[in-house]
Amino acid sequence: MFAILKLLLLSISSQLNADQGFDVRRHLCTVTRYDVAKDIANTSAVAANNIPNGCTPIHVNLVARHGTRSPNKKRMRELDELASHLGELIREAEEQNLSLEKVPSWLRGWKSPWREKLKGGELIKKGEEELYNLGIRIRERFSELFDEEYHPDVYPIKATQVPRASASAVAFGMGLLSEKGGLGPAQHRAFAVTSEIPASDIILRFHDCCGNYKDFKKRQEPAVDKLKEPVLDEITSALVSRYGLKFTRQDTATLWSLCKQEASVLDITDQACGLFSPSEVALLEWADDLEMFILKGYGNSINYRMGVPLLEDVVQSMEQAIKANEEKHPPGSYEKARLRFAHAETVVPFTCLLGLFLEGSEFQKIQREEPLELPPKPPQSRNWRGSTVAPFAGNNMLVLHSCPANSASKYFVQVLHNEQPIPMTGCNGSDFCPFEEFKEKIVAPHLKHDYDSVCTAKLEEPEQKPASSELSQLFRCLLSLQNDDTRSTKDGL
């Protein structure tokens, strides 16, 4: 009997220790802050940084998501409705003389911290710091690339016209160019951030203009909701039993949304997040990851094929850098870095185009446009996690190196994901890939799908001009954006 009791106590103690070591901020899918995401160990995805001696970086491509932001209008409305509904649940329990001892005190009279805000979705101070510090780290890491006088043609900084993305570009530029000018005590300097109008931005906001993708997403969203229902129902049942309130499936979904906002934006982890056990958080995170996989990631080839213009832009910039290096152009006459700031809907497809977070067999499948299995359910491990693939300020950097001493290839591409070397399955699991091999094995299979063939229906009139012309692209994007005013309310943006 004593032995059984001892085992039971050890089991309880072990579980308490595991729960105490659990940090919910590491499990918030794409609402994860960058400083937390960078600390998430993922030994299966991170490769050793083995750059051969004599190799020098000559160009950097950066594709980054905006930093941590406040909830958007849609989320703020949901939280206001939650506050009202929670009040109703408490009153109903009191009228029925039910015990409220199990109800957390913060739930009684709770009001949304954002209830008085009229606008949302803006970059918060923490988000500014994420990008500012990223700019400083990149300048220090690639000091030989950022050692000359700033010029917008040498270091072009591009962003979408969504304010949180352009503000992120500004914060990054302030860090990158800190102490490089003469403005104020901090010696800032002015720099340019350029944007395309949304209707023609097929490089950073291709998802906004891609009619076929928008149709696909609209058709798939009900099916995704169905996939998530069993998880929400299971956890709703547990919450009702645990706290004695008649929570609904929608309540559970909104409480999880509140948990993510509180933990990420406010660093509060003991209120809404405290309602869920670690195993329940893992299931909710997995459900979010499923949604991202199906609607933004490897779940369907249209999700990433529409990002081909961005991939082409990256390759073109590297080819221009190689040409400048071969022809020994003078400093200041050619581009050394192309720096882009956008959204999860940009970073996730671009990550898929590079074939990251895949096993070998899976890479071959996407090359053949075959569907992949969904990410496995906890407690099984998985590579595909929103908290690492596209957290706030999440980024991919493609660093072009010149390796003149190498006899086989003079130029190599290194891929850094969230500043860490990451293996490219298409390059035999290496993070340091010969440029020609990178183009042949990773890029070329995607280039047979141009933006028009992916995003618009086939034209019936053969005599019509190719839709790849700039004017036709602009026209189609304008049609696609017409009456579409929901762009800035999407949770992942």
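First residue shown is number 1, and so on along the chain.
Placement of Cβ uses the backbone N, Cα and C atoms for every residue, glycine included.
In TrEMBL, annotation is done automatically, which means it is predicted and not curated.
These come from TrEMBL:
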DISULFID  Cys55-Cys403  disulfide bond
DISULFID  Cys259-Cys273  disulfide bond
DISULFID  Cys427-Cys433  disulfide bond
SIGNAL    1-18  signal peptide
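Structure coloured by features recorded in TrEMBL.
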| residue | record | CB count, 10 Å |
| --- | --- | --- |
| Cys55 | disulfide bond | 19 |
| Cys259 | disulfide bond | 24 |
| Cys273 | disulfide bond | 20 |
| Cys403 | disulfide bond | 20 |
| Cys427 | disulfide bond | 22 |
| Cys433 | disulfide bond | 22 |
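Spacing of Cys55 (disulfide bond) relative to Cys433 (disulfide bond) is 12 Å (Cα to Cα, whole number).
Restricting the disulfide-bonded residues Cys259, Cys273, Cys403 to those with a CA within 10 Å of the CA of Cys433 (disulfide bond) leaves an empty set. Taking the C-alpha atom of Cys427 (disulfide bond) as reference, the shortest distance to any of the disulfide-bonded residues Cys259, Cys273, Cys403 belongs to Cys403. Across the fold, the C-alpha of Cys403 (disulfide bond) and the C-alpha of Cys259 (disulfide bond) stand 48 Å from each other.
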